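In TrEMBL this protein carries:
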type     : residues : note
DOMAIN   : 44-147   : domain 'Ig-like'
TRANSMEM : 12-31    : transmembrane segment
TRANSMEM : 158-181  : transmembrane segment
Amino acid sequence: MQHSGAAGARSYTLFSLLGVLFQGVHIVLSLEIKVDAHVRGYVGEQVKLKCIFKSTSSVTDKLTIDWTYRPPSSSRTESIFHYQSFQYPTTAGTFRDRISWVGDVYKGDASISISNPTIKDNGTFSCAVKNPPDVHHNIPMTELIVTERGFGTMLSSVALLSILVFIPSTVVVILLLVRMVRKSVGLKKRSKSGYKKSSIEVSDDTDQEEEDNCMARLCVRCAECLDSDYEETY
């Protein structure tokens, strides 16, 4: 009896050691999924929820994709999209007729889009992919924040850049035109009165014309630089 008790103790010790060893072993996921942790959308504007997966197995007709939604401050989840060879968007609930498939399973893309989003769509979305025998994977989540688009966000970067480029150019052109008009009026008045310029005034006018030409060339050069900066942004 003592012998069997010692054997049992040794067996228990062996299993305990094995348990400790296996605790340090990390399970390697055969399927990896990546999503955007946070996505911002605007009321009435289509928003895309990205989901990219990588599987060690080739894609077959057994592959399934499931998108679920959980409202803020709630543990309740609802299925909004299912895929297995065909697309099955939800036919009930707040997302009815608003979910579209924009992915490509053969490229590892399981993305969807939501049309006409509202503030009520705020919440957490999760993307689950199974590609047998690859069924173990992480469970990534995307937090969607839908807001009203304000006046500041309505001005695109293109519009802002256009304002910064064209307003200074317009001001320079207006100043040059005003100066040219004043000079033309002054010359007409002098010609009508029969006034003759002295050699000093002729020299001053020549210097002034050279200065005006230099100013005009400088303005043209500035405009070219601004235009080149505008093109580089694209």
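Each Cβ is built from the backbone N, Cα and C atoms, and glycine gets one as well.
Curation does not apply to TrEMBL; its annotations are automatic.
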Taking DSSP states H, G and I as helix and E and B as strand, how many residues of the domain 'Ig-like' (44-147) are helix, strand and coil?
-> 6 helix, 52 strand, 46 coil
PLDDT averaged over every residue in the domain 'Ig-like' (44-147) = 94
